[in-house]
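K.L.:
Would you mind keeping the following structure in view while I ask a few things?
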Amino acid sequence: MSKPFKLNSAFKPSGDQPEAIRRLEEGLEDGLAHQTLLGVTGSGKTFTIANVIADLQRPTMVLAPNKTLAAQLYGEMKEFFPENAVEYFVSYYDYYQPEAYVPSSDTFIEKDASVNEHIEQMRLSATKAMLERRDVVVVASVSAIYGLGDPDLYLKMMLHLTVGMIIDQRAILRRLAELQYARNDQAFQRGTFRVRGEVIDIFPAESDDIALRVELFDEEVERLSLFDPLTGQIVSTIPRFTIYPKTHYVTPRERIVQAMEEIKEELAARRKVLLENNKLLEEQRLTQRTQFDLEMMNELGYCSGIENYSRFLSGRGPGEPPPTLFDYLPADGLLVVDESHVTIPQIGGMYRGDRARKETLVEYGFRLPSALDNRPLKFEEFEALAPQTIYVSATPGNYELEKSGGDVVDQVVRPTGLLDPIIEVRPVATQVDDLLSEIRQRAAINERVLVTTLTKRMAEDLTEYLEEHGERVRYLHSDIDTVERMEIIRDLRLGEFDVLVGINLLREGLDMPEVSLVAILDADKEGFLRSERSLIQTIGRAARNVNGKAILYGDKITPSMAKAIGETERRREKQQKYNEEHGITPQGLNKKVVDILALGQNIAKTKAKGRGKSRPIVEPDNVPMDMSPKALQQKIHELEGLMMQHAQNLEFEEAAQIRDQLHQLRDLFIAAS
């Protein structure tokens, strides 16, 4: 199944890339546990890492600080390794409300969650690839340090089918039920199977467009074939197939029975403690809730909130780390921590927040003490589990620098010859009017501007002021969700507006070559938003444009400003020197605008059932208001056909969207007639 990593790129390493690749590979081969790649914005850090992976042929996990950057990295790695297994592993919750108890108001909040089926399929695909192949790159978020099913139990539960194998049809169906597959002879979808005579069709949980057909003759597997679940067309005939469980948390029956006995023992011990402390209500609550869960586990093999008993189900002792995605990574795997100055502190913070919430649940009798072991990894456990690691950042944190022993691989020269932005410091007193004149200069030559402020209030007031003066401006704030945020960034790049105002959102990983000016208001107010790293990251947003410039408005130069300006000057000098020595003229990046959103949409939206190919739907806004009645009628017929098509494919959400649009078009048609 595995193939060698094969890098697909029209470019060869250039600038600082060849030296960075050589040093990183030497370090890995010498057994260095930690290395840091200091790569400036736009220097091709992902390409450097892809070259290292391809040269060393090692399975790799890439950790990103959020889903947006993970999606961007996943898309880039997919392009670099089209023939290899590039997988995506992030939290599959679109919405998640953990269970919690607020003692002050005696309020218990039930767990509530909405799971994105497509991301669940991608997670299953990621672990399958890690177990089966060596040519695998998994792009993950911090979700990777949360508990996952034990890989040993997961492997034990697999169902292997081979042609010529002697097995009873009922035995196959029983095994599929144990893997949590559901029988559904009407709607054939991911994680289900259907039976027609001696033919069993199985839709693997980790697949989105291929299903398995098992043809039996008496008690022998006569033929195994892969087919398209939408058309029913046979794609290929195969000699063997492995069916993986529908979920990572599947457990063999004997393990569940053993776990139930251990849960009963813990319940008896905990009841004794609560009664000794005269906590009668808590004792009664805990007994009732746990007995209900045990009954469900006995009857169904699982219960709601079964993850709270994960310590017993995986056979771990108290306080032992939970199995995570790191347990699926081979021993010689490689870990790349992207934007490490953000990702590393995130990993450290996850355990403490989770622990505080669960201690309250245990104290007030909502959960057994063993629920505390259903948790993310502690930071020291992450350190112990992490294989050889490369930290990647334009502004590495103290932790990474300390771990790398101060020996940092510098990647400052960009292949395009682009220089770091010119930095100017201007007085605060006239900052708004000065900014307005700078914006007008940029808008006149079709370039974009980013403005970062210190407070929400100031961002709102500035946006209003710029609008009053005729500028096309938008305001980006924390209440905007990820998809809308991506759309705003796309609109900025497309020139729908010229100025984007934000607070702390215009930083890591945003790829906007059209931005030629970054303005930082109140740059001399020392603090988190104006620290050396924040300033360098924000200034870096203008580094992808030939005319890149950053204006820092401040009445004095703070230590953070001095360090940020000094570091930018150091990089700029090195870049200029390299360009002069090699006769390079800086070239602006001409990156397609669709790149940002196309991938995010594929991942963010649950793919349709069956074939799983979501079709683009025309938005109502895209229909011109002045269409003739004849054109409107034609449009209505088109959309009616598309709606019926979606309905036949059981894609009811898409069909409903078109139905709502048809109502609007019919109203327009009546008005126009």
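Note: Cβ is positioned from N, Cα and C throughout, glycine not excepted.
Copied straight from Swiss-Prot:
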BINDING   GLY39, VAL40, THR41, GLY42, SER43, GLY44, LYS45, THR46  ATP binding site
DOMAIN    431-597  domain 'Helicase C-terminal'
DOMAIN    633-668  domain 'UVR'
REGION    608-627  region 'Disordered'
K.L.:
Around the ATP site formed by GLY39, VAL40, THR41, GLY42, SER43, GLY44, LYS45, THR46, which additional residues qualify by having Cβ within 8 Å of the site's Cβ center?
P.N.:
THR48, ALA394, GLN411, ARG414
K.L.:
Taking the Cβ of each of the binding-site residues and counting other Cβ atoms inside 10 Å, which one has the highest number: THR41, SER43, THR46?
P.N.:
SER43
K.L.:
What is the number of other Cβ atoms found within 10 Å of the Cβ of LYS45 (ATP binding site)?
P.N.:
23
K.L.:
Neighbour count first, Cβ atoms within 10 Å, every protein chain included; then name which of GLY39, GLY42, GLY44 tops the list of binding-site residues.
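P.N.:
Most Cβ neighbours within 10 Å: GLY39.
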K.L.:
Should GLY39 (ATP binding site) be counted as helix, strand, or coil on the basis of DSSP?
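P.N.:
In three-state terms, GLY39 (ATP binding site) counts as strand.
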K.L.:
Would you mind listing, in sequence order, the residues at least six apart from VAL40 (ATP binding site) in the same chain with a Cβ closer than 8 Å to its Cβ?
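P.N.:
Counting only residues 6 or more apart in sequence, the Cβ neighbours of VAL40 (ATP binding site) under 8 Å are ALA394, GLN411, VAL412, ARG414, ASP420, GLY540, ALA543, ARG571.
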K.L.:
What does DSSP say about THR46 (ATP binding site): helix, strand or coil?
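P.N.:
Helix, per DSSP.
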K.L.:
Along the domain 'UVR' (633-668), what average pLDDT does this model show?
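P.N.:
Its mean pLDDT is 83.
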